[in-house]
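What TrEMBL records for this protein:
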BINDING   B:Cys73, B:Cys76, B:Cys79, B:Cys123  [4Fe-4S] cluster 1 binding site
BINDING   B:Cys83, B:Cys113, B:Cys116, B:Cys119  [4Fe-4S] cluster 2 binding site
DOMAIN    B:61-93  domain '4Fe-4S ferredoxin-type'
DOMAIN    B:102-133  domain '4Fe-4S ferredoxin-type'
Amino acid sequence: MFKNEEMEINLGPQHPSTHGVLRVKLRLDGETVTHCTPVIGYLHRGVEKICENKTYFQGQVWTDRMDYVASISNNLGWAEGVEKLFGIEVPRRAKYIRTMLTEQNRLASHLLWLATHALDIGAMTVFLYAFREREYLLDLFEAFCGARLTTTAFRIGGLREDLPPGFIKKAQAFQDLFLDCVDEYETLLTENRIWKKRTIGVAKLNAEDCIALGVTGPVLRAAGVPYDIRKAFPNAAYAEMDFEIPTRTEADTYARYLVRLAEMRQSHRIIQQCIDGLPEGPVMAKIPKILKSEVNEVYHPIEAPKGELGYYFVGEKGGLNPYRMHVRAPSFVNLQALPKMIEGRLLADVIAAIGTLDVVLGEIDR
Amino acid sequence: MSMLRTLIPFDIAGGMALTGKYFGKVFFSANRKKIRTQLKHFTQEYPEVKVNLAPRYRGRLTLLKDEQGEIKCVCCLACEKICPTEVITIEKGKKEGRKMPFPVRYDFEMERCIFCEFCVESCGFDSIILNHQFELATYNREDFSIGMEGAGQNMFIPSPVGRHSVAED
Ligand code: SF4
Ligand code: SF4
């Protein structure tokens, strides 16, 4: 009477828990996922090609629109990559301010991740708490550069302007309050039995698989590999900062949650060091009005909230724009771990797996 | 011990206590004006209460005039060149009694502007700013093409300047 057949369903692209326009083709046997194919490209804008037709100065605005929840990290990668290509040395104060803003942006990104990930799995309360603090951070970005999401915060050679008056005071006020807020999230989630049931042992990805698939960021660190670009190839002012790389060995969703929370505490520490040790001086290096490149190529990786974000530039002789520009987007590379994580598991775990990878589709499709 | 933990839901109780704490704070202060003004609210009742914007907020592009009411722009075309989305079109012209060139046309296609402020930065004569206007939606596409003339929107209409700054709180 009943036929035992596998069924194919689409998850997304309009499904609210796919965080954008990700479509996942799933083949189901009952409730077990037997096969999974992520389908991407709904948000493709051709950012790399556009940037090849724009000058080094203009290209930065497109990086905002790749990973739009962590646009300051993207700006940092672009600015530092171009500076590396031209051999520009940035003043120390600018480096410190860049580091501080990037870390605040990491907090904002992780908060958004925490809020939406918990919401997907069914914990509504955390969403409200996390967005409360994120609001504070977005106000800081607005005060610094005039926009909350598409920041275009940095310039080649430094910053456009110094910090606005009162910025440090407000950032310090946030510092004073933030650790208690992290404790609040922990109260709501860490010991919660429903949260534990939904996350422990779910979407496992061990260290070998992570490395084989090129997965970076918190997913890799939750598998026990202490790889962080901020320590491995220090950029901005990270070489002068004192912080730790939190790792876990369980390699499941719960471990990634703990790693990200620990990372928030470390980011808080870095911001505090930036505020305390903020040097005086100019914020902009002396650079020529028109940047003309030589034949040269650079690859510049930075640690974005999602993982290793790399910018690859090829310059041509006398070129005003990059001959070739490529972005190694962390979400794009991390997404290929999705089939590995969920094949043979239940349909409900797919949502947890997508959430724990922390993908942003603007960055995947570019 | 673990059995006891399973039976008595300490974890749930902890979460409930936190929620209860915030609920109590809001509940007991909701109708008392004195306490309500002290509490920091994170949501704003936007259309009724105008949002506070930072002084550096990037809104719509505006042309400035100097004290004599003369347009400050001298048609150096720096802004036109730097604009990443190429939304500014300027036509150079002459005006009686003015040495510097004078823009006969200054067109701004707002629907493609990404509010990056590169134009303002490149202008060496401080003749444009991004104002604090953000309610820019209209019903017709043509309304986004803003020029020097025009009844609804034009390049000179100033906007309310943000009252808020981080230095104040
Ligand atoms: S804000 Fe940016 S996109 Fe808009 S007109 Fe100025 S340069 Fe062009
Ligand atoms: S850069 Fe300034 S002065 Fe030059 S054309 Fe633009 S608005 Fe006019």
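Any Cβ shown, glycine's included, is placed from N, Cα and C.
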Of all listed binding-site residues, namely B:Cys73, B:Cys76, B:Cys116, those lying near chain A with CB under 8 A: B:Cys116
Shell list ([4Fe-4S] cluster 1; ref centroid = CB of B:Cys73, B:Cys76, B:Cys79, B:Cys123; cutoff 8 A): B:Val74, B:Cys75, B:Leu77, B:Ala78, B:Glu80, B:Ile90, B:Cys119, B:Ser122, B:Gly124, B:Phe125, B:Ser127, B:Ile128
Rounded inter-Cα distance in Å - B:Cys113 ([4Fe-4S] cluster 2 binding site), B:Cys76 ([4Fe-4S] cluster 1 binding site): 20
Binding-site residues whose CB lies under 6 angstroms from ligand 1, from B:Cys73, B:Cys76, B:Cys123: none
Coarse DSSP state, helix versus strand versus coil, of B:Cys119 ([4Fe-4S] cluster 2 binding site): helix
C-beta crowding around B:Cys76 ([4Fe-4S] cluster 1 binding site), within 10 angstroms: 17
Minimum Cα separation from B:Cys73 ([4Fe-4S] cluster 1 binding site), reported as the residue among binding-site residues B:Cys83, B:Cys116, B:Cys119 that achieves it: B:Cys119
Of B:Cys83, B:Cys113, B:Cys116, binding-site residues neighbouring ligand 2, Cβ under 6 A: none
Mapped DSSP class for B:Cys79 ([4Fe-4S] cluster 1 binding site), helix or strand or coil: helix
Cα-to-Cα gap, B:Cys119 ([4Fe-4S] cluster 2 binding site) vs B:Cys76 ([4Fe-4S] cluster 1 binding site), nearest whole Å: 12
DSSP state at B:Cys73 ([4Fe-4S] cluster 1 binding site), helix/strand/coil: coil
For B:Cys83 ([4Fe-4S] cluster 2 binding site): intrachain residues, at least 6 apart, with Cβ closer than 8 Å: B:Phe118, B:Cys119
